[in-house]
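One structure is given below, encoded as structure tokens.
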Amino acid sequence: MLILASASPRRKELLSLLVKEFEVLPADIDETPNISEDAGDYVIRMAQEKAKASALKYQQQAKDNKRAVFIASDTSVVVDGLILGKPASFDEAKVMLRMLSGRSHQVMTSLCLCDLSLQRLATKNVISDVVFRDLSDLEIEQYWQTGEPQDKAGSYAIQGVGSIFVECVSGSYSAVVGLPLFETSQLLAQFGINSLREMSSK
Ligand SMILES: Cc1cn([C@H]2C[C@H](O)[C@@H](COP(=O)(O)OP(=O)(O)OP(=O)(O)O)O2)c(=O)[nH]c1=O
């Protein structure tokens, strides 16, 4: 059984392109970066902590399935080494979107797969580059009013109306949305889950 350790509807939708049946068991973890923690180290640590916390929760629910595989992910927007998470307010979103205006930034999406015993653990960080056009303060305010930036790293969604800010993206589009499908299929295969076999009618 595959268990998605995420409350993100995007991740659920993306994973369902690769696997027909899986459970969802999100885990609450502290997402505060450590002082002077490198962005790449941070996103990997987050994905690992989410996967491990979900495995622990699963064990505590006395679900004794030794073949359970957990998958977790973390997406952060990184600009000049600064990690931008989800905005807690309009003011935070405004600061973030002003920082992203008229320039390039990175989107880092990490992946972690592990088994219930945590004996097997695989991680991957996928980095994409996104270029934004110039944004005016009025546009930033109007964008906030759409309700889209609220639960998104960096305060935007490339898959939504935020796409009108994106001049170009290089790397993995699905990673920017929340789950890198190519790398996910590769790590799933390492855990014995083959997406083509899963998705073809049996
Ligand atoms: C940059 C970007 C982020 N996002 C989303 C993906 C993630 O859901 C969110 C980043 O926050 P995360 O902390 O990675 O994920 P989450 O809190 O939504 O879910 P969970 O930790 O339970 O897995 O931002 C988009 O949907 N589109 C985008 O273009």
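Cβ atoms are placed via backbone N, Cα and C, with glycine included.
As recorded in TrEMBL:
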- ARG10: site 'Important for substrate specificity' (SITE)
- ASP74: active site, proton acceptor (ACT_SITE)
- THR75: site 'Important for substrate specificity' (SITE)
- GLN159: site 'Important for substrate specificity' (SITE)
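Distribution of TrEMBL features across the structure.
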residue : record                                     : DSSP (3 states)
ARG10   : site 'Important for substrate specificity' : helix
ASP74   : active site, proton acceptor               : strand
GLN159  : site 'Important for substrate specificity' : coil
Site with most surrounding Cβ atoms, counting all protein chains shown within 10 Å, from the recorded sites THR75, GLN159: THR75
Least buried by Cβ count (within 10 Å) of the recorded positions ARG10, ASP74: ARG10
Proximal residue to GLN159 (site 'Important for substrate specificity') among recorded positions ARG10, ASP74, THR75 (C-alpha distance): ARG10
Rounded Cα-Cα span from ARG10 (site 'Important for substrate specificity') to THR75 (site 'Important for substrate specificity'), Å: 11
Rounded Cα-Cα span from the residue listed as 'active site, proton acceptor' to ARG10 (site 'Important for substrate specificity'), Å: 12
